[in-house]
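Colleague: I'd like to ask you about the structure that follows.
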Amino acid sequence: MKASGSTLLRYVVLTSALVGAFEPVSTAVVAGMGAAALGRKLYHYLYENCDGNWINFNSSALEVDLQAKLFGQHVATRVILKAVSGFMNNENPKKPLVLSLHGWTGTGKNFVSQLIAESIYRKGMSSGFVHLFTATAHFPHEMHLESYKTQLQQWIKGNVTNCPRSMFIFDEMDKMHPGLIDSIKPYLDYYETLDGVSYRQAIFIFLSNAGGENIVQVALDFWTAGRDREEIELKHLETALSLSVFNNKNSGFWHTSLIDKNLVDYFVPFLPLEYKHVVQCGMAEMHAKGRTPDMDVVDQMARDMSFFPKEERVFARQGCKVISSRLDFYI
Ligand SMILES: Nc1ncnc2c1ncn2[C@@H]1O[C@H](COP(=O)(O)OP(=O)(O)OP(=O)(O)O)[C@@H](O)[C@H]1O
Ligand SMILES: *[C@@H]1O[C@H](CO)[C@@H](O)[C@H](O)[C@H]1NC(C)=O
Ligand SMILES: *[C@@H]1O[C@H](CO)[C@@H](O)[C@H](O)[C@H]1NC(C)=O
Ligand SMILES: [Mg+2]
């Protein structure tokens with residue numbers, strides 16, 4: 001210890017003597033370069049960048065999150081894990097990842113987008129590389145369609161140029177004007193580059209209630225037949241989903257060639273939630289509010305909620321959506 005201490009001291013004295021021998025300008029430059037390097041390091045540490053420090057996919061974290069936090073969605077869990085992991089672990093994807101999430105209200109579509117974002121971006125949904133567009137909020141007036149189109153295209157291009165690993169979430173996709181959906185089509189396709197920009201690392205997620213009623217019908221058929229909910233597989237939902245999407249002329253999908261051209265990689269169905277899932281959501285919500293989860297309180301709240309069909313009372317009309325505010329009333 002003593003020896004190395006004195007060696008260090010000798011070194012410091014020697015260096016300062018050497019530095020002293022140089023003219024002051026170059027000393028300042030050397031010191032300045034050190035400070036700049038340190039500054040850069042600090043900057044990368046504090047401010048989000050498009051690099052591995054801030055964007056780093058962890059597939060087991062996504063799996064753990066989906067298993068532990070998403071209730072009653074075994075089909076969606078499986079599809080999303082496979083889709084996102086496959087894409088993120090592929091060094092050379094041929095096109096961006098395009099997911100379309102469908103289902104009844106309050107079943108976890110926004111929630112899952114948040115979990116996906118958190119598994120990729122350290123800042124999750126508040127990352128500067130995650131962009132959420134809501135049809136009715138961002139593009140409300142049909143008369144402005146042309147300017148929305150140009151703006152949206154510029155945003156996508158600008159953001160992917162800044163960071164190829166950008167995520168775009170389009171909420172209320174069924175309320176989005178068909179022309180606007182058409183305008184983003186080129187970015188979802190198999191092009192190597194468009195005007196020198198490659199979109200192949202980007203992720204697009206579409207959320208909608210389109211097909212929700214058909215999914216409910218499949219789940220209800222299983223329930224009526226006395227079959228287990230967990231027996232429902234993707235194949236049972238796929239036809240109902242695609243047919244409904246095509247047949248519903250009010251949903252933007254119908255007018256576009258998103259489906260025709262196979263630009264959507266995965267259609268992800270979200271099942272309607274049952275009483276027990278509402279209870280699970282309630283318990284999780286109490287925990288999130290910093291309370292000790294109390295079965296009696298949650299049970300009381302769940303029993304007061306609205307279920308359908310009227311006679312059978314199988315599925316929660318609002319899913320888990322209103323639970324956070326409802327709970328306050330029962331606590
Ligand atoms: N399957 C689920 N598991 C756990 N929590 C859920 C689930 N579904 C909904 N939640 C809870 O309810 C809240 C609202 O759900 P979310 O916003 O994801 O619904 P949604 O499917 O997007 O509905 P909408 O179609 O009305 O937009 C979530 O933030 C989450 O806390
Ligand atoms: C990925 O997530 C798992 C589960 O949360 C965690 O144990 C592991 O340390 C993470 N790995 C990396 C490289 O961050
Ligand atoms: C990126 O997208 C956001 C909207 O989420 C937009 O406000 C911003 O201008 C875009 N950036 C570029 C460089 O286009
Ligand atoms: Mg939603």
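The count begins at 1 with the first shown residue.
Cβ atoms are placed via backbone N, Cα and C, with glycine included.
A TrEMBL annotation is a machine prediction, not a hand-curated record.
Pulled these features from TrEMBL for this protein:
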BINDING   Gly103, Trp104, Thr105, Gly106, Thr107, Gly108, Lys109, Asn110  ATP binding site
DOMAIN    273-330  domain 'Torsin-1A C-terminal'
Colleague: Within 8 Å of the centroid of the Cβ atoms of Gly103, Trp104, Thr105, Gly106, Thr107, Gly108, Lys109, Asn110, which other residues of that chain place their own Cβ, given that this set defines the recorded ATP site?
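Modeller: Near the ATP site, beyond Gly103, Trp104, Thr105, Gly106, Thr107, Gly108, Lys109, Asn110, sit Phe111, Asn209, Gly212, Phe270, Gly319, Lys321.
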Colleague: In the domain 'Torsin-1A C-terminal' (273-330), how many residues does DSSP assign to helix, to strand and to coil?
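Modeller: For that range the per-state counts are 31 helix, 5 strand, 22 coil.
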Colleague: So, in DSSP terms, is Gly103 (ATP binding site) helix, strand, or coil?
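Modeller: It is in a strand.
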Colleague: Can you give me the same-chain residues 6 or more apart in sequence from Asn110 (ATP binding site) with a CB-CB distance under 8 Å?
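Modeller: Residues satisfying the criterion: Asp171, Leu207.
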Colleague: Excluding near sequence neighbours, so keeping only residues 6 or more apart in the same chain, what lies with its CB under 8 A of Gly103 (ATP binding site)?
Modeller: Ala76, Lys109, Asn209, Gly211, Gly212, Ile215, Pro269, Phe270, Leu271, Pro272
Colleague: Could you please provide the mean pLDDT value for the domain 'Torsin-1A C-terminal' (273-330)?
Modeller: 95
Colleague: Just checking, which of Gly106, Gly108 (binding-site residues) has the fewest C-beta atoms within 10 Å of its C-beta?
Modeller: Gly106
Colleague: Fewest other CB within 10 angstroms, which one of the binding-site residues Thr105, Thr107?
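Modeller: Result for the binding-site residues Thr105, Thr107: minimum number of other Cβ atoms within 10 Å at Thr105.
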Colleague: Please check the binding-site residues Trp104, Thr105, Thr107, Asn110 against ligand 1 and give me the ones with CB under 6 A, sequence order.
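Modeller: Near the molecule: Thr105, Thr107, Asn110.
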Colleague: For Gly108 (ATP binding site), which DSSP three-state class applies?
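Modeller: Assignment for Gly108 (ATP binding site) reads coil.
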Colleague: Under 6 Å from ligand 4 by C-beta, which of these binding-site residues make it: Gly103, Trp104, Gly108, Lys109, Asn110? Sequence order, please.
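Modeller: From Gly103, Trp104, Gly108, Lys109, Asn110, counting a Cβ under 6 Å from ligand 4 as near, the near ones are Lys109, Asn110.
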Colleague: Within 10 Å of the Cβ of Trp104 (ATP binding site), how many other Cβ atoms can you find? Include all protein chains, please.
Modeller: 24
